[in-house]
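The structure appears below as structure tokens.
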Amino acid sequence: MNVTGIIAEYNPLHSGHRYHMERSRKETGADYIIAVMSGDYVQRGEPAVLDKHTRARMALLSGADLVLELPFPFCCSSAEDFAASGTGVLDALGVTDTLSFGSESGDLENMKKAARFLAREPEEFRLALKDALAAGQSFPAARQTALSQVLGTDADRKNKDQVSGTGSLSKPQVPGADSLGKPQIPGPNSLGKPQIPGTGSLSDSGFLAQPNNILGIEYLKALRRLDSRIRPFTISRAGSGYHESSVEERAFASATALRRLLREGDLSGLRNQVPPEILPLFSQGHFLFPEDCSQILNYAILMAQPGGYVRFNGFSKELSDRLACQAADGGSWNERILRLKTRNYTYTRISRALLSLMLNLTKEEADSWKDDFGPAPFTRILGFRRTAAPLLSAVKKHSSIPVIAKAADAEKLLPPKAAVMFRRGMEASQIRSSILAGKYGLSPVNEYRRPIQIL
């Protein structure tokens with residue numbers, strides 16, 4: 001049995017995602033595709049545009065064999081925690097052979113190099129990063145500048161060493177090992193498959209500013225920390241960029257562009273951008289956007305003001321003080337973030353902090369869960385294909401973490417603290433359901449009664 005895992009949000013799913021699944025299955029020779037998917041909130045720190053059950057069904061209709069939920073709150077955490085949780089789930093299942101992810105560069109070897117370097121963060125890199133930040137660069141830009149400077153210096157030094165007959169030429173290289181002496185995680189080349197052409201090198205401007213490159217590097221770092229047997233595989237991202245908001249008829253549109261169409265009510269624009277099998281789910285769907293959460297966010301801000309906000313996950317003292325000065329000003333979700341945004345606080349970082357506040361997720365809670373059992377203490381089955389019965393049997397046999405099929409059984413399957421984490425995730429989903437119900441005049445859905453999606 002050959003199993004390939006994908007970590008995704010599908011917010012919403014589009015033809016580029018189906019292409020990724022099809023290409024992954026073909027290139028890795030996978031019998032089954034497992035998608036570990038964000039739940040009702042996503043890594044940008046906002047509610048998913050469609051609920052997780054609808055998105056799981058879309059994934060199954062588009063090629064996935066099994067869809068699992070990436071645990072809350074790691075689904076709406078930093079890129080590092082998001083990647084650690086997704087890879088942790090795939091590794092703990094005990095059946096995953098390959099992790100396939102999209103990237104802007106498509107250059108696995110350069111991404112491995114960046115992952116090895118960033119995992120150890122040498123002093124010269126930290127100093128270069130500090131200087132770039134002090135010069136007014138945003139964190140992503142500063143990190144790219146520091147990486148380019150330090151690796152460029154290393155390259156110059158190696159060239160000089162080679163000319164003088166010292167350095168890397170005088171040191172025997174351990175076969176199959178990286179520069180740290182650790183065996184390399186086999187990539188597509190080691191499988192006898194051609195490396196997908198890439199466009200970026202570590203010194204290229206923007207290599208570390210591209211969201212899929214960033215996530216890919218975090219996946220590689222997580223696999224190294226786990227000493228996982230899972231092989232990484234990357235596919236060069238096709239079509240529009242991640243943040244591109246326009247839709248081009250002949251290119252894969254980004255999820256950002258599709259969310260814009262949904263916000264504008266332009267479902268006709270989806271026809272050439274999503275797999276035809278899932279179009280009816282959009283027609284029947286009810287969509288939620290960050291602005292729809294503005295009222296409950298403003299309420300949470302006012303109620304939490306007396307104790308300050310630094311206790312909530314993602315808040316520093318500086319960000320807490322800035323919000324306290326603006327607490328009574330009101331405004332939409334977006335307006336709140338734009339007023340708080342600075343060079344040091346990106347839009348996404350602030351959005352994640354505000355989401356934690358809205359969901360009453362404290363720093364103490366999040367840190368204790370992470371410290372006690374890491375970012376992958378369990379996962380929940382959102383959907384599967386009937387043809388994936390052998391895969392489900394293998395997961396049941398080999399998984400080292402609880403795989404929850406029925407939400408009501410979680411309390412019995414999980415240790416007490418993990419059960420609290422699961423329950424808090426269910427409460428977060430219930431909040432999303434209540435906001436959606438208020439927007440469309442629906443009855444809130446009990447998350448504990450939602451069935452598994454089966455095709």
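Heads up, residue numbers simply count up from 1 along the chain you see.
Just so it is clear, glycine is given a Cβ too, placed from its N, Cα and C backbone atoms.
Just so you know, TrEMBL annotations never went through curation; they're auto-generated.
As written in TrEMBL, here are the features:
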BINDING   7-20, GLY102, ASN212, ARG237  ATP binding site
REGION    152-203  region 'Disordered'
COMPBIAS  162-171  compositional bias 'Polar residues'
(request) Determine the Cβ neighbour count for TYR19 (ATP binding site): the number of other Cβ atoms within 10 Å of its Cβ. (result) 19
(message) Please report the three-state DSSP label of LEU13 (ATP binding site).
(response) coil
(request) For the binding-site residues ILE7, LEU13, work out the Cβ neighbour count at 10 Å and name the residue with the minimum. (result) ILE7
(message) With every protein chain in view, what's the tally of Cβ atoms within 10 Å of the Cβ of ASN212 (ATP binding site), excluding that atom itself?
(response) 19
(message) Going by a 10 angstroms cut-off between Cβ atoms, which of the binding-site residues TYR10, GLY16 has the sparsest surroundings?
(response) GLY16
